[in-house]
Amino acid sequence: MKWQGRKRSGNVKDLRGRNTGSGGLGGLGQGRSGGRIPIPLPGGRGRSTGGRSLGCGSIILMLIIFFVFGGTSLLGGNQSSSSNNQSNDQTSQVDVQLPGQMESNTQIQANPNNQVSLPETGSTDSDTVTEDELAEFVSVILYDTEEYWTQAFSEAGYTYKAPDLVIFEDAVNSSCGYNTSEVGPFYCPTDETIYIDLDFYNQLVKNYGGGGDFAMAYVIAHEVGHHVQQQLGISNQVRQIQSEVGQTEQNQWTVRLELQADYLAGVWAHNVVENDWMEAGDLEEGLNAAYHIGDDVLQEKAYGRTMPDSFTHGTAEQRQNWFKKGLEAGDLSQWDTYNIDYSSL
């Protein structure tokens with residue numbers, strides 16, 4: 001990916017070398033909207049000690065996100081459509097215009113010349129130098145997402161508030177609680193911040209065969225996708241619905257949210273193609289990363305079997321497919337993960 005020499009984000013806080021296991025950012029707040037949204041690692045799928053627990057309420061809320069795109073609702077039908085989860089007198093409704101509508105027939109073309117890739121952590125270069133380069137790369141990618149989503153929201157008449165990104169080592173406190181690096185990169189909606197230990201790239205290379213600069217870019221764009229969902233009010237509505245269903249259905253709603261974030265990462269990647277920043281092998285790196293962090297692949301690697309009812313991010317095939325959908329569409333026209341039968345995702 002062509003990234004060197006490009007502008008960096010001013011919203012990155014580098015906490016490497018600091019003791020972030022106590023105190024830290026935001027304390028151990030456990031607000032109701034504070035559930036982190038992580039990319040899990042095999043062998044490190046434990047829950048945050050400060051994570052949000054889903055309570056039981058008396059009202060089942062319907063998820064209706066109405067986007068002005070051909071007069072259709074994100075969930076299909078029209079504004080008056082009913083849902084099995086809708087109460088007789090209570091409806092949650094968000095009217096938002098479609099940001100990021102772009103029409104393009106851009107085709108991905110390999111460019112074998114001038115290919116730039118990050119050195120693998122743990123290579124002949126020192127870890128410090130490699131991590132510094134990784135930190136610079138993360139900052140460039142974050143800035144790129146800021147530029148894209150700011151313009152997309154602005155074109156729809158809305159203001160995009162960019163997320164912060166914290167680089168940490170080993171463990172960190174956020175408004176979503178205390179988390180170790182084992183949970184993988186995660187987005188905390190309470191403080192609207194992405195958290196990442198740069199060693200995750202090392203894990204991609206060593207454990208998954210998923211290295212490459214665009215693999216890391218995909219991961220960041222996915223977490224930014226969660227921030228977009230938060231900005232549009234989608235995440236809170238999903239959590240409200242989850243509070244009224246059992247654990248298996250809670251997991252299924254989380255999968256829908258995660259696959260939509262993969263789609264949003266693909267929409268951003270479409271912009272990378274249009275700006276001629278993608279190089280030979282980049283797409284394969286992103287798809288490879290999506291494959292290796294699929295729930296079925298992670299569980300098979302960790303436990304030797306899969307437990308579909310416990311999936312929270314989607315299968316490898318699903319993650320690849322929804323990323324590719326966003327990449328091909330380049331807009332939000334096909335991002336509906338909520339009005340599809342779960343078995344058809």
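Quick reminder: no glycine exception, Cβ is built from N, Cα and C everywhere.
Keep in mind that TrEMBL annotations are predicted by a computer and have not been checked by a curator.
The region 'Disordered' feature in TrEMBL is assigned to 1-50 (among others).
The compositional bias 'Basic residues' annotation in TrEMBL covers 1-10. Panel annotation: around the compositional bias 'Basic residues' (1-10), residues 114, 116-117, 136-137, 139-144, 146, 162, 165, 213-214, 217, 272, 276-279, 282 of the same chain, lying at least six beyond its termini, place a Cβ under 8 Å from a Cβ of the stretch.
The feature compositional bias 'Gly residues' is assigned by TrEMBL to 20-34.
Taken from TrEMBL, the feature transmembrane segment applies to 54-76.
Per TrEMBL, region 'Disordered' is recorded for 109-128 (among others).
The feature compositional bias 'Polar residues' is assigned by TrEMBL to 109-127.
The DSSP breakdown of the compositional bias 'Basic residues' (1-10) into helical (H, G, I), extended (E, B) and coil residues amounts to 0 helix, 0 strand, 10 coil.
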